[in-house]
Amino acid sequence: MIEERDLVLSNGIHCIADIHSELYARLKKESQAVTPWVYQKQYGKFVTYFVAVIIFLSLIKKLAFMYYDSSEEFLPEKKNSPTTPSVFLARIMTKLVAFNRYICYRKFPTLIFSYLGIPTSVGTFLVVMATTLYTLLYCFVPHPFYRPCAGFGSPPLSVRAGIMAISLVSFVFSLSGKINVIGWLVGLSYEKINIYHQWASILCLFFSWVHVIPFLRQARHEGGYERMHQRWKASDMWRSGVPPILFLNLLWLSSLPIARRHFYEIFLQLHWILAVGFYISLFYHVYPELNSHMYLVATIVVWFAQLFYRLAVKGYLRPGRSFMASTIANVSIVGEGCVELIVKDVDMAYSPGQHIFVRTIDKDIISNHPFSIFPSAKYPGGIKMLIRAQKGFSKRLYESNDDMKKILIDGPYGGIERDIRSFTNVYLICSGSGISTCLPFLQKYGPILHKTNLEVITLDWVVRHREDISWIRDEICTLSNNLRQLFLDGTIVVRIYVCSDSTVPGIIKTFPQTADTASDQSDLAKREKDTEFGQDDTESNSTFDKSNNEYKGLITIIPSKPDLNQVINDYQIGFRNCFICSGSDSLRYTVGNSVAGLQAKVFSNKNVEECYLHSESFGY
């Protein structure tokens, strides 16, 4: 029986048998006086204050760069502007920023860290670890963890862990939206702060279990398993907290990298259903204890505000448009494993590096997939998307025989916060379909290059096969024609690295070529010069020769896999440099570490003021 396992305190009081005695009541008051139950709600505020400080510092950084970029003389009206920062303050700022980037731009081994769900960026990792350490210290340093008897009140460790978990729920939901106020304040798009959403969820789960375990342990310590069973039967299951922690564990399991990788579409649909169940059950569990439900009230207000803003500005409820108005996209296969989607006329303003979510109106209508967009050269005013066939939606799209698809567009999202016009040198580094992110920067800023601070734009694109270049053949031809002199002057440099040389004659007839090296591929020196594609028939050769004379020296095609670290170190670094990369994990790993190393030039060379990196990927 329970009485046989009744904890006796040093003063002789029994935690179970004496629960109604006057001495028990007096000891309970003393315990509450030493560690007030009501004070534990302050720990939720401590977590909120810490996150608010991080957001505030990030906001200051964003505003500082906005002011710094706007003070640059990249427009005639900015010449000799009195708002230009003082030289002394500018030097201090650039050195501090370079030191920060020297550390934060570095990358951990992608394969290991991504598999474990750990941030690969050193900067992101440090923020996550600082938040984790802060919350752990605030939870476990204060004592006592337990009260002498459970009847004296809930274990202090449980209460403060629970209130800390609830305070984190607000940030978990706020960080989950494609449009979110935190991302707007700190100047980061949702896909970049999604890692903070994931880790806030992990911390919330951890503190939820810290909240649960002391209750179970103290009940067992005082009266054994029978006491635990008795307290379980006496509580309302829906009120007990079991449903919310069950939902939270299911959310965590379904969000593991391995689950997202293999069951991404199931994860997307399951995620929001579990989140709704978690929120409702948690509200029922905590109301009205310590006013903690107010965190959840604030959460739902912010979340719905973000959702309605997204639907009205980016989504299907835009003013002046029909509800969920669809559009037609042309579908075509442009190479092995690659699909091209072109929307001829788009009523949407977008910037280089942004992406949209595409939903096809067919059996895949529940699926919503992100794709980078860039202007179509074939259809002025239209947008183009390159989609690599992998699994799920992209594979079905590639294998379909449809020439057109009716789609819903949600977006645009993402992009770069900095003003590209304030830099002197822009380096675009990409692999595969990552060209979708980098090419629009060249398309937009190439024609206005001399109206800005920009001096050089360099594009380095790594592809597997030579025929992959046909993905953007129209766009490259248009740029070569319109900006021919800039190409010849070396103001615009385009290099394409072909890792596996597999010429397809039919693809290259109209592609602008640069030098006659196809006849002597064994000459190593020729590989570093402009390379052309060969033709087998006389008519094609004649066409090619004319094209070659017109575009000679414009595009460099190198039939070898590049050492990107060496490529970046060989750049002629300018005064203010912007690196934009998009592509594989290995590419972003190399570029991140290389640009981190370039920060040393800011200290050693007075002619180098900034090396800024913007990397793009859909890693969520």
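A Cβ is built for glycine as well, from the same backbone N, Cα and C atoms used for every other residue.
The shown structure was predicted, so the numbers you read here are calculated from the model rather than taken from an experiment.
Positions annotated as heme 2 binding site by Swiss-Prot: His211, His285. Counted within 10 Å of its Cβ, the other Cβ atoms near His211 (heme 2 binding site) come to 24, all protein chains included.
Per Swiss-Prot, the feature FAD binding site maps to His369, Pro370, Phe371, Ser372, Ile373, Phe374, Pro375. Long-range Cβ contacts of Ile373 (FAD binding site) within its own chain (separation 6+, distance under 8 Å): Tyr350, Gln354, His355, Ile356, Ile383, Lys384, Met385, Pro412, Ser436, Pro440. DSSP assigns Ile373 (FAD binding site) to coil in the three-state reduction, outside any helix or strand.
Per Swiss-Prot, domain 'FAD-binding FR-type' is recorded for 321-419. For the domain 'FAD-binding FR-type' (321-419), the model gives a mean pLDDT of 87.
Taken from Swiss-Prot, the feature region 'Disordered' covers 519-544.
Residues or ranges marked as topological domain 'Extracellular' by Swiss-Prot on the basis of similarity to another entry: 1-45 (among others).
Residues or ranges marked as topological domain 'Extracellular' by Swiss-Prot on the basis of similarity to another entry: 129-167 (among others). Remote same-chain partners of the topological domain 'Extracellular' (129-167), defined as residues 6 or more beyond its termini with a Cβ less than 8 Å from a stretch Cβ, comprise 7, 9, 13, 15, 19, 24, 27-28, 31-32, 35, 37, 40-41, 43-48, 50-51, 54, 199, 203-205, 207-208, 210-215, 217-219, 222, 282, 286, 290, 292, 295-296.
The topological domain 'Extracellular' annotation in Swiss-Prot covers 216-237 (among others). Across the topological domain 'Extracellular' (216-237), DSSP assigns 19 helix, 0 strand, 3 coil.
According to Swiss-Prot, the topological domain 'Extracellular' annotation covers 287-292 (among others).
As annotated by Swiss-Prot, transmembrane segment applies to 46-66 (among others).
For 108-128 (among others), the entry in Swiss-Prot reads transmembrane segment, with the evidence type sequence analysis.
Feature annotation from Swiss-Prot assigns transmembrane segment to 168-188 (among others). Counting only same-chain residues 6+ beyond the ends of the transmembrane segment (168-188), those with a CB under 8 A from a CB of the stretch are 47-48, 51, 55, 58-59, 61-62, 65, 194, 196-197, 200-201, 203-204, 207, 275, 279, 282, 295-296, 298-300, 302-303, 305-307, 309-310, 313-314, 357, 410, 413, 417.
The transmembrane segment feature in Swiss-Prot is assigned to 195-215 (among others); the stated evidence is sequence analysis.
Long-range neighbours of the transmembrane segment (238-258) within the same chain, counting only residues 6 or more positions beyond its ends whose Cβ lies under 8 Å from a Cβ of the stretch, are 114-117, 198, 201-202, 204-205, 208-209, 211-212, 232, 266-267, 270-271, 274-275, 277-278, 281-282, 284-285. The feature transmembrane segment is assigned by Swiss-Prot to 238-258 (among others), with sequence analysis given as support.
Distant neighbours of the transmembrane segment (266-286): 162, 166, 169, 173, 176, 238-241, 243-244, 247-248, 250-251, 254-255, 259-260, 292-293, 296, 299-300, 366-368; these residues of the same chain sit at least 6 beyond its ends, with a Cβ under 8 Å from one of its Cβ atoms. Per Swiss-Prot, the feature transmembrane segment maps to 266-286 (among others).
Here Swiss-Prot flags 293-313 (among others) as transmembrane segment, drawing on sequence analysis. Below 8 angstroms of C-beta separation, residues 44, 166-167, 169-170, 173-174, 176-181, 279, 282-283, 286-287, 319 of the same chain, each at least six residues beyond the ends of the transmembrane segment (293-313), sit close to that stretch.
Secondary structure at His211 (heme 2 binding site), as computed by DSSP, is helix. Comparing the binding-site residues Phe371, Phe374 on other C-beta atoms within 10 angstroms of each C-beta gives the minimum for Phe371. Around the Cβ of His369 (FAD binding site), the number of neighbouring Cβ atoms within 10 Å comes to 21.
Of all the Cβ atoms in the protein chains shown, 21 others lie within 10 Å of the Cβ of His285 (heme 2 binding site). Sequence-distant neighbours of the topological domain 'Extracellular' (1-45) (same chain, 6+ residues past either end, Cβ-Cβ under 8 Å): 138-139, 144, 147-154, 156, 159-160, 163-164, 166-167, 221-224, 226-227, 230, 290-292, 295. The separation of His211 (heme 2 binding site) from Pro375 (FAD binding site), Cα to Cα, is 53 Å.
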